[in-house]
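This report refers to the structure that appears directly beneath it.
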Amino acid sequence: MMLLSTRSDPLTAKEVQTMKQIIEEVGYQGPNFRYSYVMLREPDHKTLAGWKTGDNIPREIGVLVLDKAINVAREMVVDIPAHKVIYNRQLTPASDGWGPILDEDYVSAETITKADPGYITALAKRGITDLSIVRMLPLSAGVFGYEDEVGRRMIRVLSFLSTENTHSMFAHPVDGIVAHVDLISERVIRLIDTGYDHIPMESGDYLDPKLSGPMRTNMKPLRITQPEGASFTVKNHVLNWQNWEVRIGFNGREGLTLHDISFNDRGTKRPILNRAAISEMVVPYGEPQPTHEWQNYFDAGEYQFGRLANCLVLGCDCLGKIQYLDATVVNDFAEPVLLKNAICIHEEDFGTLWKHSDFITKKGSVRRQRRLAISFFVTVGNYDYGFYWYFYLDGKIELECKATGIVFSSGRPEGDYDFATQMAPRLGAPCHQHLFSARLDVAIDGNKCHVDELEVQRLPISPENPVGNAFKRKVTRLERESDAQREADNKLGRVWLIASSEKLNRLGNPTAYVLYPEGAPLLLAADESSIRKRAQYATKH
């Protein structure tokens, strides 16, 4: 019998093995099968609303299976308790695509490209005949209307030099060449060579003290200590801290997921969020050269960045009294892979929460703020991303996305060039964006909620506002999803109030949370661009 509390727990190694067994039992087995996507299908609200104690909550797994022998991809749903496949559909590549990139695709793309006569000739024109020093970077292809790419499993390949093992290849882009590789026919179907032949050769070894300088030696130790231990507990994926309760999940696509977030208000458990996670992030590049105009990556959907989570290290990635959680993801062969220390949980002092000094009594009061951080880090090629969910003593929830690592590089023309920042002579960092999609399944005191847009409104001089000092709050109810496709506007202080449709506070107002948008630029690509059609979420806040 499946308990309600396990409905969002991460997939176990045993469940993954059972899933593969069930799929093989219905005939999909052999050395040519790959599992490009494996993820728990969590029950919807309707299923959970009808649940009664003792009922069986299904544990269903969504799977994309690719038969490389005949190049057919299938979407399946496997019911683990029932031990059967309950959905099975062959994908139509022209409309459905092929699913995420396989790990072995990177190796295949490099082998195919380095064997292509046109590519070898293009390198030779640039004075490169030793292919062992050429580092390949296969990347997701995007969709750009090439008729000869319809139905193919495409990947595009850029090249870099690595003259020594310690040199970063991104310091030496072999620009002007890009190979469009069909992974099915195993050949380069298009080689673009613009003729640009300058290769920057300054060292990019960021670990070389001659370049980065010596480590600091004048900083005194800063020790984070909690002699009585941490104030949080974690048991069976459930975290409790200072009235907060959070169920922690993890999957190969999104990485860290948070479920059933609630706050204990004087003995009453009040729900706030059913689920919270980064559902997608896209990185569109803004350099219009033929070798770079196609670059845009969906790091969750195409690369499954949850599978790329780092194993975190005490004293560097996290400080203080730390608790790490391992995570299980699934590789392309439907084998469970254990990621040690994938999730970090710790507390942080966060300065002043509240302070006041009474000018009459001459007495002051102050309260310290503390927050709980639940985080994980991923490395996707050259970039590293840290995702930090913060829970505060005053009931606030915050998400911080940190981008670090090293920037992508390209050859940069001499003189003024608008589309890449100069890092070194003839070496550029192309203009690009990082656009995250946070999926929040909100449940303020229950699942029946409504959304209001709040703005400040200036008022003209009038009989009611004779000196023109008045302004007020403007409230607009967003009745439909189409109404709620909104943009941030800091000039108006625009925020969104998500309120319960059933519960009132002691003043008679709906209990609510306010969502504060970051207000960063939205997707900058042209309205007619391919990436704008694929990343519609990035056109609104």
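Residue numbering: from 1, along the chain as shown.
Just so it is clear, glycine is given a Cβ too, placed from its N, Cα and C backbone atoms.
If you look up TrEMBL, you'll see Asp299 marked as active site, proton acceptor. The feature active site, schiff-base intermediate with substrate is assigned by TrEMBL to Tyr383. The domain 'AGAO-like N2' feature in TrEMBL is assigned to 12-85. Taken from TrEMBL, the feature domain 'Copper amine oxidase N3-terminal' applies to 100-193. What TrEMBL lists as domain 'Copper amine oxidase catalytic' is 223-541. Summarising the annotation, TrEMBL assigns 2',4',5'-topaquinone to Tyr383.
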Within the domain 'AGAO-like N2' (12-85), how many residues are helix, strand or coil going by DSSP? 18 helix, 27 strand, 29 coil
Cα distance (Å, whole number) from the residue listed as 'active site, proton acceptor' to the residue listed as 'active site, schiff-base intermediate with substrate': 11
Relative to the Cβ position of the residue listed as 'active site, schiff-base intermediate with substrate', how many further Cβ atoms are located within 10 Å? 19
What is the number of other Cβ atoms found within 10 Å of the Cβ of Asp299 (active site, proton acceptor)? 22
On average, what pLDDT score does this prediction assign to the domain 'Copper amine oxidase N3-terminal' (100-193)? 95
Its residues classified by DSSP, the domain 'Copper amine oxidase N3-terminal' (100-193) shows 30 helix, 29 strand, 35 coil
